[in-house]
Amino acid sequence: MNYLIETIGCQMNVCDSDMLVSIFSAYGASKANNLSEADVVILNTCSVRSQAEQKAFSYLGRVKEFKQKNPCIKIVVIGCMAERLGPNIKKRFSSVDLIIGAKDIGNAALKIMNLFRTDYSAKKVNSEIKSKIVRYITIMRGCDNYCSYCAVPFVRGREVSINCETIVNECSSMVKNGAREIILLGQNVNSYQYEDVNFASLIKKTAAIENLERIRFMTNHPKDLSDDLIKIMATEPKVCPHIHIPMQSASDKILKAMNRKYSYEHYLGLIKKLRTAVPDVSVTTDIIVGFPGETDEDFEDTLKAVKTIRFGGLYVFRYSPRPDTKAAEMIDDVPFEEKKRRHAVVLKESNKISIEIVSEMLGSTQQVLAEEIKNGIIKARTKNGRKVFAEGRKEYIGKHINVNIKEAKINSLFGDIV
């Protein structure tokens with residue numbers, strides 16, 4: 001079986017796709033380079049925003065045209081959009097052979113392979129992907145927060161934490177196969193709780209793995225970010241000084257309408273605690289503009305917060321209603337053009353701040369972990385999450401190297417290995 005995977009959406013989807021690759025590889029399946037080589041094309045989908053679903057539909061349209069000329073190819077849709085729309089996908093694209101929702105992702109590999117033959121169950125699955133320096137591992141699935149704009153609880157289900165021993169063993173296996181950095185994933189990692197092991201305890205157990213050099217995690221919810229976690233970030237050298245904490249808005253009125261369960265004052269207090277405990281921490285965030293009821297004053301509160309906090313980076317999104325959510329019942333009263341304007345204003349301010357932050361690194365020497373090389377250029381990352389590029393050799397991959405920074409752009413640094 002030759003397979004081609006197209007992944008849309010968050011890092012959890014990337015992790016799910018990696019899981020499929022590892023299982024397929026264990027059974028001797030091969031990754032195709034393009035549609036022409038594939039026996040099956042797998043589309044891993046996202047439902048968080050309408051734009052992600054439109055991207056999936058566009059891709060399915062292209063594959064449908066290909067299948068008309070190559071009827072033997074199988075088309076499989078998995079993930080969050082598959083969970084939300086289910087059989088309705090086949091009504092629009094009859095060429096789709098199999099639909100597997102996010103709640104059944106653990107069975108996806110065998111279901112896909114059974115499109116071709118049925119003797120897989122007796123074989124042992126090897127879940128390792130070799131040679132990747134940075135590896136992701138899902139520590140929990142689902143979400144119990146029910147933010148009013150978000151479809152995740154409906155498509156991924158309620159929170160379920162994975163056995164901590166299973167996680168640590170998998171991380172150990174990844175490190176033995178070359179990983180040097182592990183990124184722990186969950187819709188809300190701060191809610192992790194398996195028996196008596198909470199998230200801070202899980203990080204301690206993970207940090208004890210020999211030869212593991214870095215630990216990151218995402219995504220965090222402000223209402224659950226604990227003092228214990230901040231203490232771990234301050235005292236455990238393997239934990240990177242980088243944290244993504246979605247703010248979404250700085251207007252308490254909008255935060256309440258979003259059902260975020262915290263105030264802007266609480267959020268700002270967390271940032272101050274983090275920066276006191278971990279002075280070099282880089283804080284990144286998500287912001288939604290144009291949420292129902294967001295006035296000019298509400299937006300200005302958010303813009304002021306961006307200027308005050310000076311995030312290391314941010315993702316800003318224009319609100320779009322998602323089916324089944326509470327916000328979808330609200331009047332979407334911010335005109336599209338105004339959403340675009342607010343989006344542009346926040347992005348411009350964020351880019352200005354980012355340039356100011358990275359420009360301070362010009363002339364400095366940064367220790368980075370070399371992750372990969374392409375055309376003689378090494379892609380590496382600082383401990384606080386900045387991407388760094390430099391000319392180098394393959395033998396640097398997986399090692400810490402020092403780079404003298406010569407050029408700074410919004411999201412990247414460039415320099416020479418010293």
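Here the Cβ of each residue, glycine as well, is placed from N, Cα and C on the backbone.
Feature annotations, reproduced from Swiss-Prot:
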BINDING   CYS10, CYS46, CYS80  [4Fe-4S] cluster 1 binding site
BINDING   CYS143, CYS147, CYS150  [4Fe-4S] cluster 2 binding site
DOMAIN    1-118  domain 'MTTase N-terminal'
DOMAIN    129-356  domain 'Radical SAM core'
DOMAIN    359-418  domain 'TRAM'
Env. residues of [4Fe-4S] cluster 2 site, Cβ within 8 Å of mean position of CYS143, CYS147, CYS150 Cβ: ASN145, TYR146, TYR149, ALA151, VAL152, PRO153, GLN187
CYS150 ([4Fe-4S] cluster 2 binding site) versus CYS80 ([4Fe-4S] cluster 1 binding site) - Cα distance in angstrom: 12
Extra residues within 8 Å (Cβ to Cβ centroid of CYS10, CYS46, CYS80), [4Fe-4S] cluster 1: ILE8, GLY9, MET12, ASN13, THR45, SER47, VAL48, ALA52, GLY79, MET81, ALA102, VAL155
Lowest local Cβ density among CYS10, CYS46, CYS80, CYS147, CYS150, which the record lists as binding-site residues, within 10 Å: CYS10
Integer average pLDDT (0 to 100) for the domain 'MTTase N-terminal' (1-118): 91
Reduced DSSP assignment, CYS147 ([4Fe-4S] cluster 2 binding site): coil
The domain 'TRAM' (359-418): DSSP-derived helix, strand, coil residue counts: 4 helix, 36 strand, 20 coil
Nonlocal neighbours by CB distance (under 8 Å) for CYS143 ([4Fe-4S] cluster 2 binding site), same chain, sequence gap 6 or more: CYS150, VAL152, PRO153, ARG156, ARG158, GLU159, GLN187, ASN188
